[in-house]
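Engineer: The ATP binding site annotation in TrEMBL covers ARG99, LYS139, 144-150, 178-181, GLU186, HIS209, 262-263. Feature annotation from TrEMBL assigns domain 'ATP-grasp' to 103-292.
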Amino acid sequence: MTTVGILGGGQLARMLALSGAPLGLRFLVMDNVADACAGQFAPMVVGDYRDETTLAEFASRVDVATFDFENVPSESAQWLSERVQVFPNPRALATAQDRLAEKTLFQKLGIPVPPFAAIDTREQLDAAIAQIGTPCILKTRRLGYDGKGQFRIKTTADADAAWDALGAQASKVGLILEGFVHFERELSVVAVRGRDGEFRTWPLTENWHVDGVLSASLAPARVDSALAQVAYEHARKLGEALDYVGVFALELFCRDGELLANELAPRVHNSGHWTIEGSETSQFQNHLRAVLGLPLGDTRMVGLACMLNWIGEMPSATPVLAEPGGHWHDYGKLPRAGRKVGHATVRADSAQALATSLQRVGEGLGRQAQVDPVIAALARS
Ligand code: ATP
Ligand code: MG
Ligand code: MG
């Protein structure tokens, strides 16, 4: 009996555990809170990610370890990797945890990025704003997620407010200033790399964010196949450079038909949730296969799929379940503003059928604004 350890017990760990059950896998989740939602399906150890006693107990009970959460302290990942196999490797995790390190790697690999500069002091912020220009975004280098730890600078007059909001973080987690990209669309590549270096991607996904949080994803993205190939090639290079094992996502902006890399998520990704019902093998199943050294499953799609995120509280399931290709995922979390509590995937065999289903779901839930951009994309050729 193989036990997979997962650091972090959120919905990603929960969906990993659910997808691993048919493989006969056991799971052990470590989280710093006892009510983490993966704990409803897997035994847990609860403790701080830096606590050696908790980490030692976790390591002693698992055959291999992976992450649901990219902000596990890199020293803890390193400590664990000296005792048990850890995938992805701690270097890949450390690179993806730091926006400066990841953007530097993108550049080194010839993957275009928005202009950026590391910021340690107020003087550097002023100099970087002058150099990069406005609008731009000041971000924490580490620990940000769902758009947290970011300040949008519209004009140079916003520099004071940006520094008031994030300046104190400069000495703690570091800061980075990035040029604001007026993108036509956001895309992501969800990719998997096996222990033997075998590399696969799922079809390119188009994403819509609201207030910095993912709201909807559509696969395959409505872009031409040459652009998708460029995105897959960027992901392949990254996977090789990091000697990555498992699933990762590369977030991209598309501007004037060109791709700019935003960030790398060293784990299964929200923009890949549609793969559960929309592809031959889900990102969760393939992540487990990769970390266990099993053959990777086919990533081909079955039709088209749209994923809708539920933020804050769960809506009624009925309009989604009433659709022929409607699927429901409730993470079993308590409602809280801004929290990802569940998602739905709507699958169909044609763009027209998917648009019709989404229209009914939008009306049924009173969430037209969430489905409209996806329906508009489906109308594009
Ligand atoms: P995630 O939850 O994806 O990990 P995060 O907190 O790491 O989010 P980003 O992905 O950097 O943050 O930013 C969140 C969203 O804010 C992006 O998906 C995009 O919509 C917008 N955004 C971030 N950086 C830029 C930029 N340089 N130009 C334009 N929009 C941006
Ligand atoms: Mg991120
Ligand atoms: Mg992001």
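The backbone N, Cα and C atoms fix where each Cβ goes, and this holds for glycine too.
Automatic, uncurated: that is what TrEMBL annotation is.
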Engineer: For GLU178 (ATP binding site), what residues in its own chain, 6 or more apart in sequence, show a Cβ-Cβ distance under 8 Å?
Structural biologist: PRO114, PRO115, PHE116, ILE132, CYS136, ILE137, LYS139
Engineer: ARG99, GLU178, ASN262: which of these binding-site residues put a Cβ within less than 6 Å of any ligand 1 atom?
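Structural biologist: The ones that qualify, in sequence order, are GLU178, ASN262.
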Engineer: Under 6 Å from ligand 2 by C-beta, which of these binding-site residues make it: ARG99, TYR145, LYS148, GLU178, VAL181, ASN262? Sequence order, please.
Structural biologist: TYR145
Engineer: Using a 10 Å radius around each Cβ and counting other Cβ atoms from all shown chains, which of the binding-site residues LYS148, VAL181, ASN262 yields the largest count?
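Structural biologist: Answer by Cβ density within 10 Å: ASN262.
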Engineer: Determine the most Cβ-crowded residue among the binding-site residues ARG99, TYR145, using a 10 Å radius around each Cβ and all protein chains in the structure.
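Structural biologist: Top count of Cβ atoms within 10 Å goes to ARG99.
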